[in-house]
């Protein structure tokens, strides 16, 4: 049997996953502590029309630009809508999410290759990652990591205690915008490889799973990144073996996400056991963050 | 001459143009302890937020340590109510206290030995040095409140603002907090704390400000925590008991 990752397209897929793991570990920690799961979900959906418009206008290379524009626009729009307090956070997010997603579906349904286009946008093409795409992901990953490193202190203070952070002169509005834009950039980096539907798993699961085994934020970020990479490696190997040995067509991105979610389920009892051993009484989940965990 | 810690002249404070508390006249010098007393929803928190520059000054003049409120942030410390914080947040006690240094450190300047020392000293002062590595949420309510006090002390503020510091706090922690507050004011830090506990105000404060939508009285506890002013502030929820003492009941 051929060593799977020696095959160029498999090697590139693994490299893409490794880059995504580097950013998804840390960013998912912020999604977790700010309770931004629903916002992440909205971002992944609103990037969709950008992806479609980019594809129609510039082919596969246009997808990146389209996603970037749509992602950043959504991040700004969501920040403004939720801060102006005209709408509740959830309502504002849901309105933006559904409106943008339906625009994407309308656009893609105009095309003759409707079904296959839709499938690849929704579920990604991990195995057709090009060297150019890898380079773009690497640049985005670099930018995101540097920005997070610079702003980690302010973002965490704002997440933990918004009032005290504001009293210390940290501007919540700008910090929210910064985090939303960073989230959008992660979605843009990941969307071609794993698709608009599955990318949300990369934003939520790593930190949530790592939280089961640690109370420390830095460990959560590193363990989350490790989990994404492990799931990527295992998922790619799984889909390779399934199609070569058994003739089963298993989308590689789906296999990766499936393993990631499985890791969460496996770690869940670990947390429960730890809590019981320490005699921790479950605290009623009264989150102070304005963003609740929804779907 | 040193500027007063706090000088409010006929101030109205509120949000988005709508006043919450009006007619506030206060003057507090270094080392003095002011208690804001009033029922729930009276605007005590808004008044504290206004001192931090986080609520609007709609009328009058507000001067904090010689500056407009927002400009004085580098010199003020703030202790929020502990139950406004997520007890499940994965952060250690030491990390929480270190947040007190973030204003000086800014976004990215590395933590120095002086910052670590300030954190350890602050934890030691509130008697929780042995809990530094514990997760914040695993502490009791009173201990969490002491951690938040330590965080404010770590910034060495000249004016310290505390929002209901004794809410849900056990006797041991309350005693620890009161002791630290007395030490701080003896060393020249001015204190403003909100409370609806008249006994605490009487015991701790040099000055009491009675608020409920507006300022109803200000002065030493002996003059303000008496039947007349309390009944004006609290309305029907103030009840006389023997020897001029008042009891407050929720209407």
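Positions of Cβ are set from backbone N, Cα and C atoms, glycine also.
Annotated features, as they stand in TrEMBL:
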TRANSMEM  A:17-39  transmembrane segment
TRANSMEM  A:51-79  transmembrane segment
TRANSMEM  A:91-108  transmembrane segment
TRANSMEM  A:134-157  transmembrane segment
TRANSMEM  A:177-205  transmembrane segment
TRANSMEM  A:217-240  transmembrane segment
TRANSMEM  A:246-268  transmembrane segment
Maximum Cβ pairs under 8 Å to the transmembrane segment (A:177-205) - stretch from the list A:17-39, A:51-79, A:246-268: A:17-39
When counting Cβ pairs under 8 Å to the transmembrane segment (A:217-240), the leader among A:17-39, A:51-79, A:91-108, A:134-157: A:17-39
For the transmembrane segment (A:51-79), sequence-distant contacts whose Cβ falls under 8 Å of one of its Cβ atoms, 6 or more beyond its ends: 39, 42-43, 92-93, 96, 100, 104, 107-108, 111, 117, 121, 132-133, 136, 173, 176-177, 180-181, 183-185, 187-188, 191-192, 196
